[in-house]
Amino acid sequence: MEAYLLEYGNVLLRWLHVVAAIAWIGESIYFVMLDNSLRPPQSAEGKRRGVFGEMWGVHGGGFYHNQKYLTNPAELPDDLHWSFWKAYTTWLSGFALFAAMYLLKPGFYLVNPGSSWAWAASMSGWQASLLAIVFLLLGWIVYDQLCRRISPNMERDGVLSVAVAVMMVVVAYLSCMIFPGRAAFLITGAVMATCMSANVFFWIIPGQHRMVDALKAGREPNPLDGKRGKQRSVHNTYFTLPVVLLMLSNHYSFTYSGPYAWIILSLFIFSGAAIRQYFVLRHSGQNKLAYPVVGVALLVAIGFLAAPRPAPAPTGQDAQGETVSTAQVMQIMHARCVQCHAAHPTQPGFPAPPAGMVLETEQGLLAHPDLVKQVVANNYMPLGNLTQMTQAERDTIAAWTAPQSKP
Ligand code: HEC
């Protein structure tokens with residue numbers, strides 16, 4: 001019952017998280033589009049009031065006329081629309097989900113007995129959880145320091161972009177070496193998402209508060225507050241597309257289970273950033289096709305890198321030259337898999353068979369023989385090797401040829 005309630009809570013939390021993220025990202029994309037679509041004001045009235053740029057739009061059966069002032073509009077109404085709760089809700093619900101699925105159950109997804117770094121392979125559950133939190137905190141601290149030191153007043157933003165890109169490759173590499181692929185992709189996405197929310201919390205909103213306070217007191221706002229907020233806001237738009245992809249990646253184990261996981265992860269980030277760059281320029285009237293071409297080329301490269309290696313055709317025989325029977329494989333399923341993959345799992349925390357995969361009967365096994373062979377061969381299953389499958393058992397499954405394998 002408890003496991004069921006947790007699972008139900010998980011669904012509700014995920015729903016909240018996705019809706020908040022859509023609202024935040026949608027608004028953020030809208031404002032980038034607005035900013036890049038501004039044209040000098042047409043009317044004498046607009047010019048007189050110091051309008052910097054304006055955009056006319058039609059949507060939902062009505063016409064809209066947006067006008068942007070830089071830091072000092074002549075008057076400021078009290079009911080100014082702020083956007084920040086969407087960002088905070090996204091991060092808080094995302095962290096709660098991460099805690100429920102990963103930090104509190106590190107044995108399933110966070111510990112990586114297959115890591116080639118011995119200290120990482122032998123980490124205990126709580127150490128892995130602690131390290132995951134350190135990744136998020138340190139990610140923000142390093143990113144923030146890069147911004148402060150390299151381009152505090154937006155004067156060297158090009159160099160800063162390169163530094164942040166290098167930082168993300170390092171995060172991708174470290175997380176893929178330390179954590180299982182699934183968690184590594186998520187944690188790298190969460191590092192970016194944490195930087196995004198922290199940008200809103202520590203820079204964009206406080207800067208805007210100072211600007212509004214100055215205007216209300218009749219002082220000229222400090223233009224640096226506007227510039228710095230803009231810098232962080234621009235970074236956020238670069239992070240958006242990769243973050244969304246990384247949050248969805250857990251459904252696609254082929255992306256994170258192979259030997260090139262960290263390269264694939266880095267290429268996904270660059271591809272998302274390149275595609276985003278195209279749309280930003282597009283809004284300002286430039287059609288720079290090189291960006292989507294690079295983005296798509298990276299995606300094609302990922303397609304090759306993530307493709308299954310051509311494994312030697314199963315011999316059908318084990319190391320002793322004996323034919324591997326399906327009954328032998330079923331024995332292994334019962335020893336290592338049915339704790340979770342049963343109609344009624346005995347593994348605490350699993351109210352239902354994960355991924356709908358029931359491996360208690362031959363019929364269940366033979367419904368997905370190739371998938372079973374794949375996840376056993378790339379060490380994705382058993383999760384966190386909780387049931388301590390041996391290499392000999394993996395070899396046996398690799399050698400097995402399933403009867404009536406589906407084409
Ligand atoms: C500790 C629980 C646990 C054990 C033990 C376990 N699994 Fe899984 N399995 C899961 C979970 C959770 C998922 C869903 C993972 C996901 O959503 O990526 C899963 C998913 C799968 C999938 C679907 C993967 C996909 O990409 O769709 C297969 C196949 C699978 N397991 C096979 C096995 C086999 C074979 C074994 C035994 C060698 C095994 N599992 C042992 C928990 C477990």
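Placed from the backbone N, Cα and C atoms, the Cβ positions cover glycine too.
Those TrEMBL annotations? Automatic predictions, nothing curated.
The domain 'Cytochrome c' annotation in TrEMBL covers 316-405. Annotated transmembrane segment per TrEMBL: 12-33, 85-104, 124-146, 158-180, 186-205, 260-280, 289-307, in sequence order.
Under DSSP, residues within the domain 'Cytochrome c' (316-405) fall into helix, strand and coil as 41 helix, 2 strand, 47 coil. Long-range Cβ contacts of the transmembrane segment (124-146) within its own chain (Cβ-Cβ under 8 Å, at least 6 residues beyond either end) map to 98, 102-104, 106-107, 110-112, 160, 163-164, 167, 171, 174-175, 178-179, 183, 187, 190-192, 194-195, 198, 202. The transmembrane segment (158-180) and the transmembrane segment (85-104) are not in contact, since fewer than 3 Cβ pairs between them lie under 8 Å (pairs 6 or more apart in sequence). Packing against the transmembrane segment (289-307) from elsewhere in the chain are residues 254-255, 258, 260, 263-264, 267-268, 270-272, 274-275, 277-278, 281: each is 6 or more residues past its ends and has a CB under 8 Å from a CB in it. Taken together, the residues of the domain 'Cytochrome c' (316-405) have an average pLDDT of 89. Long-range Cβ contacts of the transmembrane segment (12-33) within its own chain (Cβ-Cβ under 8 Å, at least 6 residues beyond either end) map to 83, 86-87, 89-90, 93-94, 96-97, 100, 233, 236-237, 240, 244, 280, 283.
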